[in-house]
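Below is one structure, written out as structure tokens; the observations come after it.
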Amino acid sequence: MQLSWKDIPTVAPANDMLDIVLNRTQRKTPTVIRPGFKITRIRAFYMRKVKFTAEGFEEKFDDILKGFPNINDVHPFHRDLMDTLYEKNHYKISLAAVSRAKTLVEQVSRDYTRLLKFGQSLFQCKQLKRAALGRMATIVKKLKDPLVYLEQVRQHLGRLPSIDPNTRTLLICGYPNVGKSSFLRCITKSDVEVQPYAFTTKSLYVGHFDYKYLRFQAIDTPGILDRPTEEMNNIEMQSIYAIAHLRSCVMYFMDLSEQCGFSVEAQVKLFHSIKPLFANKSVMVVINKTDIIRPEDLDEERAKLLQTVTELPGVEIMSASCQLEDNVMNVRNKACEKLLASRIENKLKSQARITNVLNKIHVAKPQARDDVERTPYIPEEFKKLKKYDPEDPERRLLARDIEAENGGAGVFNINLKDKYILDDDEWKNDIMPEIMDGKNVYDFLDPDIAAKLQALEEEEERLEKEGFYDSDEDESYGGFDQEEIDEIREKADWIRNKQKKMIAEARNKKSLRNKAMMPRSKLVKSFGDMEKHMATLGHDMSSLQDKHRAAAEKSRYVETGADVVFGQNDSMASGSNGGKLRQSDRLLDGVADGSMRSKADRMAKLQRRQRNRDARQGEADRHATASLPKHLFSGKRGIGKSDFR
């Protein structure tokens, strides 16, 4: 349930709303259209204008209708409060006018869009667009007064305090200037204006405080005058509606000193006149300003008037002084206790809730099977035990007694392992590891582990004596002879080597996945590799070896006499080296030494710098790029986009 309305969007005046929506249409829709364009494009241009403007008005109206609360859906307290402050009928008529304007704008947009579909020229479409926007503007201008009223309501709603009608509430009421605001300032941290004249509080003020870890709200209401409800103003009606609708403890304040300007008789009369509003509520009468006069100091006539209030059932009277802060917190605590008790009582009276809870509860009670009385059994040994007495010198010493005898806590540490029950008392203080070899030691503990180990050892000795583990020499290899075993081992070695090669080949392929790979047809393959591969497969390569040798002898070069002569001439011509001339580096042929070479490199680098800055492809690149690209620096706004201007 919504308790405050501080997030309602601002309601713009009619003229401002027109400027906002029309400027938005001008900024966010295309602006260029020419008579030479296709008629379908012209129609779409102006239809977009009309629809976009209508959507802008509809969004504004939707924000208003959704932001303001529906007066029929809120709590009765808020409904009556809004009726008092803003006049319910005026509020409904204003929102209805906005809703009607939204419907009319939608209808205008729909009608003129239908007409624009049949426009014959640019001028005709433009005039239809002007007519549509003009009618929308006329509709919005008629909302001038409702929009101004709704903006004032929005501002006032945002300043209203957040009052929860269902939480624990103390409601402070009474005549003006009897000390209601002073009491609220004393029990809460709210900064309420306090003045020595009447009608200082003109609206509801809320303060919060904690009592017994529960959150309470205290509401200070404007002063009420003793007159008919029809004659009360809006300020007084706020108090009446708060008393009528809020589930609270009503604290009726009285000023017996009559400094508030109203007599005790008038204050008692007001209490009796608003008494019907106290139905189903806890009521407390608070006598304020006891620093001036106390109830005991009243004369007999006024004491009888006050007694007519206290004699009513369920009404409790207390006194306090907000000026001296005397008994203020006691009054507050008493009111809180009274409110909590009444809330619990109301919950218990609601039969529906109790019925729902009782349907879920079943109390199971055991039924007696016979009439035999079965008393609890206590062994005789326990009955004979002597009762522990700390003053008895022969008592059994407890651990704390031993600790006290040896210096007390912090000096003497009690041995917690002293009561362990083990086979050997020397084992009590042994260190027991929790983790050993990465395993939990307690998972392998067994009380009978020694007996089980001894039984296993005896069984092993018996099996060895019986020859259970002895085996014949023929059966040592599973019935295979030595030759078969050697053959199996050779095959196993071959399989292992083959697996290693396959793994190595797979790794090589994986490493070359993103690198350049030599084609299979270009790989150099020797006859020796093929011979080894075929031998591993079990093929006889003797015939292929003979053919390979014969082919190699035929291809071998045989020197003749002419070859010898040419060879000698070549060796003489090449000098003492007798080999081929090395090819020189053409980049360094024209450079004398290292210093000249570094200077040449530096000059070449300087020449490349400007070319790189201009992004030239080389020395011959003389292309002149456009300094002002025409497609970026010419033209106007197109449909749906704009240029760089």
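Our numbering is plain: 1 for the first residue shown, then up by one each step along the chain.
Yeah, the Cβs are placed from backbone N, Cα and C, and that goes for glycine too.
Per Swiss-Prot, the features are:
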- 168-340: domain 'OBG-type G' (DOMAIN)
- 174-181, 220-224, 288-291: GTP binding site (BINDING)
- 567-645: region 'Disordered' (REGION)
- 612-624: compositional bias 'Basic and acidic residues' (COMPBIAS)
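Here the features listed in Swiss-Prot are placed on the structure.
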| residue | record | DSSP (3 states) |
| --- | --- | --- |
| Gly174 | GTP binding site | strand |
| Lys180 | GTP binding site | helix |
| Thr221 | GTP binding site | coil |
| Thr290 | GTP binding site | coil |
Cβ atoms near Asn177 (GTP binding site) (within 10 Å, other residues, all chains): 21
Tally of residues which DSSP labels helix, strand or coil - the compositional bias 'Basic and acidic residues' (612-624): 2 helix, 0 strand, 11 coil
Other CB atoms within 10 A, centred on Gly174 (GTP binding site): 28
